[in-house]
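What TrEMBL records for 1-68 is region 'Disordered'. According to TrEMBL, the feature domain 'P-type ATPase N-terminal' maps to 89-141. Residues or ranges marked as transmembrane segment in TrEMBL: 118-136, 142-160, 343-363, 399-420, 951-970, 982-1003, 1024-1048, 1060-1078, 1090-1112, 1118-1140. Annotation source TrEMBL lists Mg(2+) binding site at ASP468, THR470, ASP889, ASP893. Annotated active site, 4-aspartylphosphate intermediate per TrEMBL: ASP468, in sequence order. Annotation comment: TrEMBL describes ASP468, LYS469, THR470, GLU579, PHE620, LYS643, ARG678, THR758, GLY759, ASP760, ARG863, LYS869, ASN892, ASP893 as ATP binding site. Residues or ranges marked as domain 'P-type ATPase C-terminal' in TrEMBL: 915-1155.
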Amino acid sequence: MVGDGLTISREEEEEEEERSLAPLPSSGRHHRRKSSASAASRDGFPNPAHVRHLSRTETERLASSQRELADSNSRIVFIGDPGGSDPRFEIPRNSIRTAKYSPITFLPRNLFEQFRRLSYIYFLAIVILNQLPQLAVFGRGASALPLAFVLLVTAVKDAYEDWRRHRSDRIENNRAASVLDPQSGRFLSKRWKEARVGEVLKVLANESIPCDMVLLATSDPTGVAYIQTINLDGESNLKTRYAKQETMARPPGEDHPVDSAGVIRCEQPNRNIYGFLGNMEVDGKRVSLGPANIILRGCELKNTAWVIGVAVYTGSETKVMLNSSGAPSKRSRLETRMNRETLLLSAILIALCSVVAICNGIWLGNHSDDLELAQFFRKRDYSDGDDKKYNYSGIGTQVFFAFLMSVIVFQIMIPISLYISMELVRLGQAYFMVRDANLYDESSNSRFQCRALNINEDLGQIKYVFSDKTGTLTENKMEFQCASIRGVDYSGGRVSSRDNGEAHYILAAGKHILKPKMSVKTDPELVRLLKNKGDTEQGKRAREFFLALACCNTIVPLVVDTSDPKQKLIDYQGESPDEQALAYAAASYGFVLIERTSGHIIIDILGNRQRYDVLGLHEFDSDRKRMSVIVCGPDKTINLFVKGADNSMFGIIQNKVDLSMIDATKANLHAYSSLGLRTLVVGMRELSRKEFEEWQSAYENANTSLMGRGKLLRAVASNVERELHILGASGIEDKLQEGVPEAIESMRQAGIKVWVLTGDKQETAISIGFSCKLLTEAMTQIVINCNSEESCRNKLQDAVAMYRKFAVISPDPFENALTGTGSTKVSMALIIDGISLVYILKTKLEEELFKVATACDVVLCCRVAPLQKAGIVSLIKSRTEDMTLAIGDGANDVSMIQTADVGIGISGQEGRQAVMASDFAMGQFRFLVPLLLVHGHWNYQRMAYMILYNFYRNAVFVFILFWYVLYTAYTLTTAITEWSTVLYSIVYTALPTIVVGVLDKDLSRKTLMKYPQLYRSGQRDERYNLKLFTLTMMDAVWQSVATFYIPYLAYRQSTVDGSSLGDLWILAVVILVNIHLATDVFRWYWITHVAVWGCIVATLICVIIIDCIWTLPGYWAIFKIMGTGLFWLCLLGVIVAGMLPHFSVKALKEYLMPSDIQIAREMDKFRRMNAATMEIQMNRFSTLQL
């Protein structure tokens, strides 16, 4: 149920299991030999059935690989014969390509991708119009410069990124691999990109796997191999893979010709990295293949000298390449809402152009007689003396041309430079977020990752946070705390076994001392009970309990060196932290797992080393919610050990015999869950020879079945997992991460609602909720645990009634979404389980759930599936405009992360699936507070101001051009040179807004962290809304009037030409908009001064250079006007008159109606003021503005 196509749903699996399997086509090229029967095992029992040792994380998804192969949907691979592999399909070689472009396709494809922005098409149309002689206003080159500059910068950035991809591809494709030569039987070196499906490859220890390979042989006699998948899914623990015994006996090489190896039929390439389905025909015998028999490209071989395998998927068809797509593209809310303002600006642009065109038509009509002899307006041709009609198009055409020319002149009303400025600002913001030491996690040595550069500002507007529990709020580092054995609670452990002298050391060969890498707290009474060697029934059950913990797992024990050469540590490797915790607990009590192969395990039991043959293992799956193992001990008895969730275990335990013990165990389980512990129930039963033989026969038939293999294996497991004797239960603590309670409280004060979505039991989730201060004793809990739609409806109706009971009329203007009567004084928490959500989501009850959930302060969802998590996020996202954020650490959180507006992955213990699907990634949940309250606030206020400023800056310039047109008979001539018009947005005024967008800080980090309620300004859209846009446009109109008319009126009666006035206007508007920006800057840095004042100086230099070019109009104009005192007086008058309204409104507003931000800024500036008083004022204003 993991998102992004990684697994296959249960419905798809069942459909596939109904399909039939056609017989495998035979091939004359392969020899058929009868398989030799294996001898009986050393203890007289039949050889163990082949066991697939998968971790819980993998096996939970195993069902997706147990669907059936249709003949038309399979791949045929002849081992050692790449030329004979499936001719029905075109199979690629092993070369990969992550680059997007080639030298030939770069230009057309890059331009196509850039012009997917509609605004770019608009600017391209403007450039094309300006190339027409009838419409040419600017020079053809000058009109194309802004668009060309933006396209060039983006193209250079894309080209550099793609060059890095090409370099990485070359390095990867040219790595060396050992490939078997069928003629000589030797392994020869070949480049990775030359490997083909069907070829046999050999991989040595610590080497990477070059392609997806089915294992044929390993250096271990039992066929086991250990791999590390950190490059595939980020998980660092070792995983076990196995070669089939049928191929282990004859590994391809010099001694065994490859042409007799066999043929493989497997599923077509797919993205499911946790599943594989196939079968192999070897010497006339068909054996099944599963996920434990394949190793994937990108993995590394560890603790195994070598493996030999056959390539089944290569190049772009490998699972790692099929999963290489990134997270879905998201757009920020500001960018989305910017479209509204862009449409308004377009309307203003059309209005201005219409006014000019209409006035132009009226003027032509009024002066039609005067224009009879004008070159372009005469109606008759007098050149040859003949009185005939001249080719005159008429006033209507001139009006149309005037409209198009107006669009060209006023084109920068929609700022093209804004888009590239936003990209640069986001890049700078991301740099400072990544470099922030407060977001650095020392424990995992991981920095903050910004994987999506286009939604930085959304971090400042989050209203809902949806969080996973395990590994997100908690550490996902499990620690065994207590046990219940035969109903007796053993929870007296207070110190670790090493500290109390009870650590169990094992004297290994070579006189080395072995001991577990980690120790856990032990109960003294239980330790004494185990040392009595099972003299009592309780002691016997206690030994069986810990023996079950040591046997019933997929842990791989590894011996690692220490600084002391005489001492070595046993490191338990496993994907599931629960299994690791239970294995370390068993070791601390003296049951130490020290060796595992595919056929047996060795356990040191209180100093006595014993071997247990693993006869069979049923992996954990989401249907049974348990796992089991069948072992044969030194006394030749066969025992079945089972562990699993309580709701799945109590149904298969002997209720009549152990009734009182079961009741006592249930009571202990409830107590453990109330403490926030994760619980498992352990049981066992002894199998007779007949029962084992029946199980083995059924297991072999199911495992080799070509139809319904998944159903048959589950049926075999369910059939043997019955009539168990209960041994006890375990309690494992998943500790809260550092700073989680404080983080949740800060977000609560910031107006952010935190919802926890977990798969844990209700009691465990509630306990964790209290621990992390999500729940409080003062909250009224609404619990919905239902098994039908009708009961869910009744519960929701009761919840509405309960809420209305506590709701009271309040003078607070904040109205509640549910009742509309006002806010409530009673805090409420909704607690709902996954079964209830099955009946609520996607039904009419969904709306009722939305009303109840949004009325509550806290929502806690228990026992929820991954798709239900995404459904809860959609519940809010589809019904409100509030911003949502999802945070998680596991593959089961991927769909939730991708559904939310902002997705954050935790680099935790469950791999990097969540990180790879996220927009941002970090190491700890508590980093969410500085990320949102500090960087989110900064990014939002910076980007909001930058967008409005760009609209204002360009509007001022356009209105100046408009006023000038009104005094030139609407001819659309411009006093400002075309080069200054082009450079205005990309040189004269661009740099300051980028610097301010990256560096400006309205408040210090300390203040933002101390007063979380300041975050609410982003939730209320205080820095970017329609009202601010309207006021900004009004300010732009006024400043354009001041900028145009002060010089116009001053020089109206003088002999100064239009070019000189144009130079004055361009200098005045650049100085004015930069001073406008300077008055709004909160924090000045040296680079801010350089950008603001430097751009003014750069503008003056550019104007001088332009006027020094004699081929351009306005030659030497600046020198004629700049030498007069009136020039400088006009500049001063423009600045004073233009800035007066803006400065006055800003001062009055901050003095008479200060916002939270202003109050906090005053506190930052004047730290002598009483902080408590300031906090009261901020709370008051926050409440009134909600």
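The backbone N, Cα and C atoms fix where each Cβ goes, glycine too.
Model, not experiment: these values are computed from the prediction.
Locations of recorded TrEMBL features on the structure.
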residue : record              : Cβ contacts under 8 Å, 6 or more apart
ASP468  : Mg(2+) binding site : VAL756, LEU757, THR758, LYS869, ILE887, GLY888, ASP889, GLY890, ASN892, ASP893, MET896
THR470  : Mg(2+) binding site : ASN476, ASP734, THR758, GLY759, ASP760, ASP889, GLY890
ARG678  : ATP binding site    : MET478, ASP578, GLY731, ILE732, GLU733, ASP734, ASP760, THR764
ARG863  : ATP binding site    : THR758, GLY759, ASP760, LYS761, GLN762, ASP833, GLY834, ILE835
Using a Cβ distance cut-off of under 8 Å, indicate which of 343-363, 399-420, 951-970, 982-1003, 1024-1048 has the most pairs with the transmembrane segment (142-160).
399-420
Run through the Cβ atoms and count how many others sit within 10 Å of the one on PHE620 (ATP binding site).
25
Overall pLDDT of the domain 'P-type ATPase C-terminal' (915-1155), taken as the mean:
91
Near the Cβ of ASP889 (Mg(2+) binding site), how many other Cβ atoms are there if near means within 10 Å?
31
